[in-house]
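Quick look at what TrEMBL lists:
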- C:20-115: domain 'Cytochrome oxidase subunit II transmembrane region profile' (DOMAIN)
- C:39-66: transmembrane segment (TRANSMEM)
- C:87-106: transmembrane segment (TRANSMEM)
- C:116-253: domain 'Cytochrome oxidase subunit II copper A binding' (DOMAIN)
- C:273-353: domain 'Cytochrome c' (DOMAIN)
Amino acid sequence: MAPKVPPQPTLEQSTSAVDAGHGHHHAHEAPPKGIMRWLLTTNHKEIGSMYLIFSLIMFFIGGIFALVVRLELFQPGLQFVNPEFFNQMTTMHGLIMVFAAVMPAFTGLANWMIPLQIGAPDMALPRLNNFSFWLLPVAFGLLLSTLLMPGGGPNFGWTFYAPLSTTYAPPSTTFFILSLHIAGISSILGAINIIATILNMRAPGMRMMDMPLFVWTWLITSFLLIAVMPVLAGVITMMLMDINFGTSFFNAAGGGDPVLFQHLFWFFGHPEVYIMILPAFGIVSAIIPAFARKRLFGYASMVYATAAIAILSFMVWGHHMFVVGMPLAGQLFFMYATMLIAVPTGVKVFNWVATLFRGSISFEPPMLFALAFVVLFTIGGFSGLMLAIAPADFQYHDTYFVVAHFHYVLVPGAVFAIMAGVYYWLPKWTGHYPNVRLAQWHFWLSVIGVNLTFFPMHFSGLAGMPRRIPDYALQFADFNFVSSLGAFLFGFSQLLFVAVIILCVRGGKKAPAQAWGEFADDLEWSVPSPAPLHTFETPPTFQRPAH
Amino acid sequence: MWGVIKSVLAAFLGVQRDQQRREDFERGSPLAFIVTGIVMGVLLVAIIALVAFLAAG
Amino acid sequence: MRTLLVWLAGGLALVGSSQVALARGWNMPVGVTDLSGEIYSLHMIIFWICVVIGVVVFGVMFYSLFRYRHSQGAKAANFHENTTVEIIWTTVPLLILVGMAVPATATLQKIYDPSDAELDVMITGQQWRWRYEYLGEDVAFNSNLATPRAQIRGEEERGEHYLLEVDEPLVLPINRKVRFLFTSDDVLHAWWVPELAVKQDTVPGFVTENWVQINEPGIYRGQCAELCGVDHGFMPVVVHAVEEDEFDAWLVERQEMAAEEAMGVDRDWEMDELMERGEGVYGSICASCHQPEGQGAPPAFPALAGNEELIAGIEWHKDVVINGVSGTAMPAFRTTLNPVELAAVITYTRNAWGNDTGDAVQPAEIAERLAQ
């Protein structure tokens with residue numbers, strides 16, 4: 001599959017592949033000015049930055065929705081919002097965080113870093129890259145606008161189970177479907193681009209097994225995206241037909257099956273969960289060796305474990321449906337398959353710990369976030385293992401225990417990994433180190449906030465609090481009080497993150513090309529800091545690391 | 001062939017020796033690995049399903 | 001400064017009240033059935049396995065973080081692979097998982113064996129109440145949230161069982177195997193009582209089953225666990241488990257009440273009687289969507305007060321209530337309500353809030369229509 005001879009980029013090719021081969025020989029023409037520059041750019045770094053800024057904005061919008069939810073749950077009773085709006089907030093929080101914050105953030109990092117890490121001048125399909133990005137503001141502008149429509153926005157949870165999302169849905173649901181279609185197309189196009197780049201544009205001498213793990217995990221993630229996004233598109237199209245064209249895919253009265261919706265949704269949904277965590281594994285696998293000053297333990301195993309997790313992710317969707325009344329054999333199948341996932345996931349955690357063992361460890365901001373990732377993601381993994389036990393899931397299912405579980409893997413998991421990645425690569429992007437003192441404040445406030453928010457949810461769930469309720473019985477009051485305090489702490493401490501980024505863009509301690517020492521030695525550290533707009537116009541010759 | 005199966009098994013577990021991995025990647029075509037991977041993936045599903053059906057009676 | 005002190009005192013009081021909560025429930029309840037006990041032990045076993053693995057892994061990790069600090073001049077070793085170690089840390093978890101799967105499978109097999117049940121109860125989820133039907137016993141009733149809205153809005157002090165109290169609990173005998181059949185009239189719901197360790201989705205158009213054999217009499221409370229719309233949070237489950245002879249007596253009493261109600265179908269009802277009965281039915285069944293004053297919540301839930309279509313069309317009105325409107329949130333009430341209740345609620349909605357049509361719909365008329 002990997003080409004023996006990578007493409008030899010000429011000067012034309014590297015400016016922007018759009019111009020290549022069309023006889024436009026103005027290699028470094030001045031880019032259009034103002035807004036047009038950003039609308040038309042095909043440069044992977046600029047598009048990467050746009051993805052990252054977009055996802056940061058969406059992170060705050062989704063965060064505000066979460067704070068509305070936590071505000072209402074601060075005390076028993078209905079104080080601030082009515083249950084209808086509460087449901088819209090929980091739904092929009094989930095949709096925005098999953099599809100508009102976490103996924104675009106990883107795509108943004110991929111855009112910036114994959115060409116740099118494999119020594120390519122740009123992404124393989126730069127125009128498609130621009131299109132993938134600009135679909136996103138359209139998709140999520142549309143999604144957010146449903147909140148202002150008559151009848152309100154989506155109110156059926158981010159999992160939008162039929163028939164609540166079809167027969168019983170607000171009129172704006174058709175717009176919700178359209179926006180998800182657009183976001184899905186964006187993801188698929190982005191994934192195609194990443195695969196094409198990784199398979200075709202590696203520097204001469206770099207084989208697949210020489211690629212940094214971030215590249216590997218993104219390659220596997222891209223295949224997951226291409227495999228499951230069409231399933232999502234299918235299921236929302238069926239909803240569209242049920243709502244507008246009188247079909248009965250999910251309507252029992254017309255001979256349909258509401259459970260079919262769940263099978264299709266989770267066949268997409270479970271790999272989707274791994275789409276949000278595999279690139280995080282890649283980032284952490286770069287950062288831990290860099291600050292432990294020691295090569296990553298078991299590189300090959302890491303790649304193989306990623307592949308194993310990806311394969312298994314297609315056979316476990318039923319564990320989201322243990323209480324819908326599946327036959328016993330189905331129940332057992334999904335329980336066994338789900339338990340198996342713990343093995344490759346465990347391998348990863350053990351490898352990170354073994355990398356730390358007998359290293360020479362320092363605690364720069366990226367490392368702080370990476371270490372918190374390992375601990376807190378593992379806690380999320382433990383509760384995942386508990387949820388895999390089907391009989392026990394009869395008690396855990398749809399309670400705050402589940403909310404605690406997936407927030408542990410997604411917030412101090414995926415989101416912390418993104419933040420770790422941002423701190424790690426900021427010197428490369430801006431030429432300055434991030435302000436250490438502010439970053440430490442951001443880290444500690446985030447860690448405390450996250451745990452205050454989500455740890456008590458384990459208890460409220462076990463004690464019997466169902467998820468997605470706007471008001472609750474009095475015995476859950478203390479847990480919710482603490483969770484809400486933690487959520488506000490976590491939410492507001494993210495303003496520090498923005499401050500660090502802005503300060504870092506505007507100035508700070510100058511960073512050399514190899515900003516984090518000799519063990520951060522992937523190809524991106526061989527170009528100057530800040531990375532010039534065009535890099536690797538002449539492909540580097542890849543040298544395997546000496547140590 | 002046995003070597004290919006062993007490597008695919010290692011991928012399923014997520015553990016592989018660097019030496020073996022290097023040898024695998026020296027081979028010209030990944031086709032054998034892909035085919036074996038798919039076959040063993042189906043086999044894995046079949047085995048778990050079999051155990052589940054046996055346990056379900 | 002003073003506000004700070006107040007906050008501090010408030011914080012301390014909260015910590016104090018947390019200690020109370022600690023005694024009351026931070027963990028899954030052991031429950032009152034054999035199966036709930038088994039599920040609780042599975043939960044605790046897997047929990048302690050996770051704790052042990054966590055202590056080992058995090059122990060090594062934090063030891064390394066402390067012992068091999070760069071600032072203390074630690075020199076990094078140069079190893080990056082060890083197949084033996086890797087195989088050990090793959091196979092050990094695998095064995096633990098197999099060890100865990102065996103008891104989990106055994107428990108699951110028991111959950112999936114509802115045979116030899118002595119009593120069948122059909123549980124139907126509806127937006128936003130539960131309907132219980134004792135199959136073959138001619139007893140059926142709805143179970144609605146009993147917490148007053150004033151408590152939810154904070155205008156009244158909240159009671160001990162805030163949001164976990166209903167007008168009519170499900171009454172079950174102890175020591176008898178009771179089979180539940182679940183279905184739904186509209187969207188998905190999930191019937192859940194933690195103490196019974198039963199949580200089952202109710203799926204419209206499909207019937208799922210589960211069972212319970214309660215060991216101790218008592219009142220067990222739970223909630224709907226699957227998002228089912230606006231009032232998902234206001235759909236509690238209360239199970240009243242009683243001694244077997246007490247249950248039998250209760251069942252006979254309910255059967256007599258049902259028979260009496262059936263007799264009521266044949267007689268002529270006064271307007272006042274219908275209005276009084278109708279107001280009760282409206283409050284427990286209709287008000288959650290169409291609102292207490294009939295003002296509705298458009299566009300999903302149309303207003304009934306001053307609704308011209310309703311005022312003009314009595315036959316259409318009956319049809320809507322009895323058969324529902326397909327493609328909307330309006331369910332068919334032909335099985336949920338009996339003829340007396342249907343007649344009463346139709347009469348009520350035709351005459352309340354200034355609708356004043358003067359129509360009194362008789363139960364007999366409805367019964368005839370249902371028989372067609």
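From the backbone N, Cα and C atoms, a Cβ is placed for every residue, glycine too.
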Notebook entry, point to check: According to DSSP, how is the domain 'Cytochrome oxidase subunit II transmembrane region profile' (C:20-115) divided among helix, strand and coil residues?
Noted result: 71 helix, 2 strand, 23 coil
Notebook entry, point to check: By DSSP, how many residues in the domain 'Cytochrome c' (C:273-353) are helix, how many strand, and how many coil?
Noted result: 46 helix, 2 strand, 33 coil
Next item on the list: Write out how many residues of the domain 'Cytochrome oxidase subunit II copper A binding' (C:116-253) are helix, how many strand and how many coil, based on DSSP.
Entry: 20 helix, 63 strand, 55 coil
Notebook entry, point to check: If you average the pLDDT over the domain 'Cytochrome c' (C:273-353), what number do you get?
Noted result: 84
